[in-house]
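Taking it in order: structure first as structure tokens, then the write-up.
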Amino acid sequence: MKIGMFDSGVGGLTVLKSVRKVYDKVDIVYLGDTARVPYGIKSKETIITYAKESANFLINQNVDVILIACNSVSANAMEALQEMFDIPIVGVIEAGVEAALKSSKTKHVGIIGTSATINSNKYQERLEAFNIKTYAKACPLFVPIVEEKLINTDISKKAVEFYLKEFKDLKDIDTLILGCTHYPLLEEDIKAFLPHINLVSSSDAIISYINNIVKNEGNATTELYFTDISQNTSELVEYIMGQKYDLKYVNVESLALNC
């Protein structure tokens with residue numbers, strides 16, 4: 001079985017890593033659109049366009065299922081993709097919501113994500129349907145900090161403090177959704193700043209959503225494609241995955257031409 005995944009950059013590799021721990025035999029094709037990262041500050045229409053191009057690329061790799069390893073796309077383009085393609089397409093938002101519902105005892109949940117994810121209100125609407133009080137905050141600098149390999153630095157710590165200082169005073173919140181697949185890479189800094197809050201990530205929670213779709217069979221291959229490959233990209237892939245990979249380049253213009 002072949003799983004396709006895509007994200008705006010390297011953050012979706014946190015999803016790939018979680019999936020690979022459970023499904024060690026499947027074949028995985030990953031596309032990171034590093035030439036156009038971040039998606040979270042772009043319009044819904046642009047996100048849909050980019051998402052269609054990425055999904056179409058994966059379809060052409062003969063994948064059996066697509067995991068949208070990006071909250072901005074899951075929030076703004078999943079319905080459009082499901083209408084366009086016939087194979088199963090799974091986003092990360094529902095998994096994050098389910099994890100938060102299991103985690104929270106106070107029924108007060110914080111959500112952090114890109115501007116596109118927070119402004120979509122998808123997390124808020126899903127949680128409020130279960131009578132959960134939500135507190136949402138966009139953290140647009142977190143993705144560039146990760147993509148620039150500034151993890152666990154003074155810069156990342158200052159950004160965490162800048163964006164999350166209001167959560168320090170919201171004593172009822174016991175759970176914080178990391179509503180972007182890049183954000184688990186800042187988990188150490190976030191946990192140090194908010195030690196009293198449980199952090200949940202859709203990158204881990206997605207496993208329960210694909211159990212009925214994915215069969216653990218294949219040749220255990222992993223192909224990593226990126227629309228821009230810099231030294232940072234290679235180093236981040238090794239940092240996240242714990243090993244080196246042969247990264248493959250895809251021209252971003254070819255994505256549009258073949259869609």
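From the backbone N, Cα and C atoms, a Cβ is placed for every residue, glycine too.
Annotation comment: Swiss-Prot describes Asp7, Ser8, Tyr39, Gly40, Asn71, Ser72, Thr181, His182 as substrate binding site. Residue environment of Asp7 (substrate binding site) contains 30 other Cβ atoms, counted within 10 Å of its Cβ in all protein chains.
DSSP assigns Cys70 (active site, proton donor/acceptor) to coil, not to a helix or a strand. The active site, proton donor/acceptor feature in Swiss-Prot is assigned to Cys70 (among others).
DSSP assigns Cys180 (active site, proton donor/acceptor) to coil in the three-state reduction, outside any helix or strand. The Cβ of Cys180 (active site, proton donor/acceptor) lies under 8 Å from the Cβ of Gly11, Gly40, Cys70, Asn71, Ser72, Ile112, Gly113, Thr114, Thr117, Cys139, Phe142, Val143, each of which sits 6+ residues away along the same chain. The active site, proton donor/acceptor feature in Swiss-Prot is assigned to Cys180 (among others); the stated evidence is sequence analysis.
The binding-site residues considered are Asn71, Ser72; of these, Ser72 has the fewest other C-beta atoms within 10 angstroms of its C-beta. Of all the Cβ atoms in the protein chains shown, 36 others lie within 10 Å of the Cβ of Cys70 (active site, proton donor/acceptor). When secondary structure is read from DSSP and collapsed to three states, Asp7 (substrate binding site) falls in the strand class.
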